[in-house]
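Colleague: Pasting in a structure now, in structure tokens, and then I'll have a few things to ask.
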Amino acid sequence: MVTTTTAAGAFALGLAAVHVLAGRLGRLDPASRRATVSFAGGVSVAYVFALLLPEVNRAVLEAVESGSTVGSFFRRDVHVYLVVLLGFVVFYGVHALVATSNRDAEASDAATPVFVAHVVAFTGYNALVGYLLFHQEGPGLLELSFYAVALGMHFLVVDASFRRHHGTAYDRLGRWILAGAVLAGAAVGAVTPIDEATLSVLFAFLAGSVVFNSIREELPEPGRIRYLAFLVGTGVYSAVLLFA
């Protein structure tokens, strides 16, 4: 029987592989590539709104009502959304920096300061994703699988964004750093315990971060095919989450 620890390790390898191998999407024709990315975006958005945010809210609400340490940290369950907001704002700032730098330039082939800052921000992000593979709000393989699949799809879209903004520099160096960050975070998560309050904070921050990256990077530009692909991704994964 596969344990959650074994599965988490396998999922960490799979998530790292997304960054290493996602460049192969470039072999697809542009329409198919955009549709694939839009479908992946739909899956990620469905996970955030159908499972991740409700799970964070439920965990904090239970803690507040029980008067536990988490409850004293948040005082009211609505306070957790300030952490969600923080995750949103932090990655909005990261995007603003990158977008401003590249507004009048093509994808860069050099490791510029903006490229370094972008990679550093997502190194922490990916490490958090890897760490949380070993510390889920809900127990069991099913919950872990939902998380891993959705974040794998999310990484696919993040990877496409990095390639668009940074070109060869990302393909030569950045993708390996982001892949390594997932594995490093998972390694730390596998050997370190975490208290309930900190876990809730980390999931709340992740939720806000994924929400922004979903809205900015994953929502397709106007186009019938891209919208349909996004809609299929959202609908299929929402159904899986609701009826599993």
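Cβ atoms here come from the backbone N, Cα and C positions, even for glycine.
Just lifted these from TrEMBL, have a look:
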TRANSMEM  6-23  transmembrane segment
TRANSMEM  35-53  transmembrane segment
TRANSMEM  78-98  transmembrane segment
TRANSMEM  110-134  transmembrane segment
TRANSMEM  140-161  transmembrane segment
TRANSMEM  173-191  transmembrane segment
TRANSMEM  197-215  transmembrane segment
TRANSMEM  227-243  transmembrane segment
Colleague: Residues of the same chain, at least six outside the transmembrane segment (110-134), with any C-beta under 8 angstroms of its C-beta?
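Modeller: Non-local partners: 5, 8, 11-12, 15, 90-91, 94, 97-98, 101-102, 144, 147-148, 151, 155, 158, 162, 165-166, 169-170, 173-174, 177-179, 181-190, 202-203, 205-206, 209.
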Colleague: Mind checking which residues of the chain, 6+ beyond the ends of the transmembrane segment (197-215), have their Cβ under 8 Å from one of its Cβ atoms?
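Modeller: Contacts with the transmembrane segment (197-215): 41, 44-45, 47-48, 52-53, 55-56, 59-60, 63, 69-70, 73-74, 80-81, 83-92, 95, 125, 128-129, 131-132, 135, 137, 151, 154, 157-158.
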Colleague: Go through 6-23, 78-98, 140-161, 173-191, 227-243 and flag the stretch with the largest number of C-beta pairs under 8 Å relative to the transmembrane segment (35-53).
Modeller: 227-243
Colleague: With contact taken as 3 or more Cβ pairs under 8 angstroms (pairs 6 or more apart in sequence), are the transmembrane segment (173-191) and the transmembrane segment (78-98) in contact?
Modeller: no
